[in-house]
Amino acid sequence: MCRVGAIKSKKYTHPAKVLYLMLPQQKGHDNSGFAMVMQDLGGVFAPYKDLPLLSYAGNTASVEKIHNYMQGKGFTLRFEWSPQTKPQSGLDIALLEHYNFEVYAYPPEYQNAERSVKENLLTNTRLALRAMTEENDAAFVYSFWPDVLTLKEIGNPADIGSYFNLWQEDTDFCAKIITVQCRQNTNYAIVRYAAHPFFLQGYTVLANGENTFYVKNKEFQKSLHRGYLGFESDSQCFLYTLHYLQHELKWPLEYYKHVITPLPFQDLAKREDKAVLLALRQSLPHLEINGPNTIIGVLPDGRVINVNDSKKLRPVVVGGDGETVAISSEVCGLNVILPDRDQEKDIYPNEREMLVIDNNLEVARWKQ
Amino acid sequence: METVTVNELTPNDLPWRIEWDPCLCKLCGSCVAACTFQAIRVSVEARSYVYSQGDVPTPLEGERYAVPVIKQTATVQQHCVGCGMCEKTCPNRAIRPRRNEDSRWEIFAREGGSPIKRGGRANLNAGDRTFDKIVVGRISQMTDPSLDAERHTFDILAPFGRVLPADKMPLSVKDGKLSLNKPLPPVRWIYPLIFGDMSIGALSPRAWEAVCLAAACLNEKYNLPVRMCSGEGGMPMRLLKSKYLKYMILQIASGHFGWNRIVKAMPEMQEDPAGILIKIGQGAKPGDGGLLMAAKVAPHIQAIRGVPKSDLLSPPNHQGLYSIEESVQKMFLSMNAAFKFRVPVGIKTSATASSVSIYNNLLRDPYHIVGGYFIDGLYGGTGAANEISLDHTGHPIVSKVRDCYLAAVAQGRQGQIPLWGAGGVGMTGNAAADAFKLICLGANGVSVGKILLQLMGCIGNDHSRCNSCNTGLCPTGITTQDIKLVRRLDVDKAAQNIVDYVRAFDQELRKLMAPIGNSSLPVGRSDALVATDKAVAEQLKIPYAC
Ligand code: SF4
Ligand code: SF4
């Protein structure tokens, strides 16, 4: 089983925090990987919040290939950063040659373009980079978006932390939102692209569970958007649905819950908004999820959400101390990083609600 | 000495032979009275014996006498169909039909130069079912828990009606909420099991009533929104004007029989019907029109259909309807004129190699008016057809549903026009298993017919037993209009059997949904299935397992 976690804080937080959040839960995951997405970045990336940041890992040849491509498309490199690695013997980690985080300036003709035009450019660029480095796993291109950084690796999370020097807190490498997951996808082949959190155009999703409507979701999503690809993990479907409803259809957030875990017909019939809810249920049955799941999502505006399957078959808890709110599969993780919080106020979300943590760290519980 | 008459039929030439035990028979004549096919009769046979007395055998003629016997008739018109009514009726079980493996029926039954006609289902290859080579093989074990069939809630409903894609729905956001700017095309969420199109001419009034009763009872008492399709030929005025019309799907077939009445009843209808089904073709006899033999055109049928007593033939196609565009247009017109866009309209064709093309065309439906594609496969039943059509034409349903579903997937249009499959669902008795597998392969629901007859008491099967629905002599009173025979059917018991079966069907569906961890119907969840036959796996694009 995966274990998932998220930290949303008013202050910049170093990834060491998420390692401490996840480590006590290691009995629940299997120490097979570590993946995180950092958003609202501070430290060395703070001056570049509006410029797209490319996160990837790969071999030397692929780095060159990527640089050439970016140059060819008119992107100029503004800042590059790689973690200070600390190679030691005996670490359980499947290393790649390079872990690069590169900030680019938009091509001149895009500099004053509308947001949506820029967004399309970034997505198309990432997809192109992914496609051209896919052969022989030359590189893994995780995200290309302003203020978003992705790091994923296969191995023992503690060792991965040691290798990337993540145990050592500093102010260079930090963010206000960090989502993390400590397990390689074990239901399918172990590939880095299969490790959540997944990111697409401002939306991040990670989940603990099993989406038994994976095939239905996948078959439907494939034709909805060019960015809905990969499907190395059944949890990618949660991201694509969130993105589709929010970004493509522009529906209010609450309908995410209504689409993935629709109310039973008999409950639906009692609702005032039954016409709309039925319309959604009948139009999007292929985005419904089934099976046990707890899903954490991050929206482009920085809000963090949590929703669960309709039977609430996976654990999750949310707690905060006023400065930081964390979501965790197990409460032991919260106890380590937020020992002074009021535990009475911890929230164990139920199957018919959506938790929304806003930028003031207020946690709203939306009843479906 | 008698002459040897090679060309005369004897019971040994027939598909069924009657075994009659004179020692048990008390000569009450019940069997003869029960046999609607006049395949047995009371007769008198001569007997004699020879005896010998004394030390040296000296044959002497004893008495000559006559005995009454039950005798099998051996003509093409009056031959035993194996229905077993004689055995059922006999108080001493002195008589029974036995299948005759040396039957020469196929050779001589075309006597008079006309093709063999019968009812029932295809008799060829009926044992070799694709359904039985598919197993629900993806069981929730460690990674995701199974559900509890008794405790959890399950949503077992299927759409009938045109479903709009999300980006085509007339939605807008007001105060943070979605609202519909105008009504959507009508969609009914119904039970994924439809009582398939059996007309009131094909069925006896009692049998039809029993199916209606069962549908109403399942809706009103057990909250299972099962719908029943009228079949071609309309329905009684009383039903058209009753509130139960909402459980009925009205069928319009190429003969348009009964539509006059339906149109006339419209101003007085209290409820809209559940839907309209335009029948283009039927799985049991694709490309062949409807057939109701004159023997079954009783006065009430004449009244309902508005016809004189004669063989009623529906043309094999809708006159004036030559393309899919026209058929869509036709739906459009019938809906518009008839029910003002309040009632979903679907179309039914027999499964054919070209079903995917048909579905692709329907999916393009620019008016958003095609409310369902009903595909009727090879093993669908019929009241009357030429045997050659029944046994040698048609297309199996399983791969067809799958192909259509995948065609929709390729265009991202799955679910927009609900797919309903029929044709052999429940053939081996377990309709829930067949339905579930078809649903996982992409059907929204299924339609059944023959199994309903069997539940009511039909003893016909796919090994040539009875299948005489075309004759008007149905021994169980189900497919006849002969009032004496109709009385054999106990309406309440027949309805009760159907109700019980569907209630069990519902439980059985849950028993299949629970282990795969799904609380709503797994439409298109092909990953839940494995095939035990490589060719089936390959064709259906599901894993092979052995
Ligand atoms: S089995 Fe049926 S058809 Fe044959 S003799 Fe008996 S009653 Fe008649
Ligand atoms: S019992 Fe009646 S319905 Fe059944 S096969 Fe015979 S004739 Fe047809």
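Cβ coordinates come from backbone N, Cα and C, glycine included.
Marked as [4Fe-4S] cluster 2 binding site by TrEMBL: B:CYS80, B:CYS83, B:CYS86. Feature annotation from TrEMBL assigns [4Fe-4S] cluster 1 binding site to B:CYS90. According to TrEMBL, the feature domain '4Fe-4S ferredoxin-type' maps to B:16-45, B:71-100.
Shown on the structure are the features that TrEMBL records.
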residue	record	Cβ contacts under 8 Å, 6 or more apart
B:CYS80	[4Fe-4S] cluster 2 binding site	B:PRO11, B:LEU14, B:PRO15, B:TRP16, B:ARG17, B:ILE18, B:CYS35, B:PHE37, B:ALA39, B:ILE40, B:GLN72, B:THR73, B:PRO97
B:CYS83	[4Fe-4S] cluster 2 binding site	B:THR36, B:PHE37, B:PRO97, B:ILE459, B:GLY460, B:ARG465, B:CYS466, B:SER468, B:PRO475, B:THR476
B:CYS86	[4Fe-4S] cluster 2 binding site	B:ILE18, B:CYS31, B:VAL32, B:ALA34, B:CYS35, B:ILE40, B:ILE95, B:ARG96, B:PRO97
B:CYS90	[4Fe-4S] cluster 1 binding site	B:CYS25, B:SER30, B:CYS31
Close approaches to the domain '4Fe-4S ferredoxin-type' (B:16-45) from elsewhere in its chain (Cβ under 8 angstroms; 6 or more beyond its ends): 66-73, 78-83, 85-100, 103, 468, 471, 473-475, 480, 482, 485
Secondary-structure category, per DSSP, in which B:CYS80 ([4Fe-4S] cluster 2 binding site) falls: coil
Composition by DSSP (helix, strand, coil) of residues within the domain '4Fe-4S ferredoxin-type' (B:71-100): 5 helix, 7 strand, 18 coil
Cβ-centroid neighbourhood (8 Å) of the [4Fe-4S] cluster 2 site, B:CYS80, B:CYS83, B:CYS86 excluded: B:TRP16, B:ILE18, B:CYS35, B:PHE37, B:ALA39, B:ILE40, B:VAL81, B:GLY82, B:GLY84, B:MET85, B:GLU87, B:PRO97, B:PRO475
Taken over the domain '4Fe-4S ferredoxin-type' (B:16-45), the model's mean pLDDT: 97
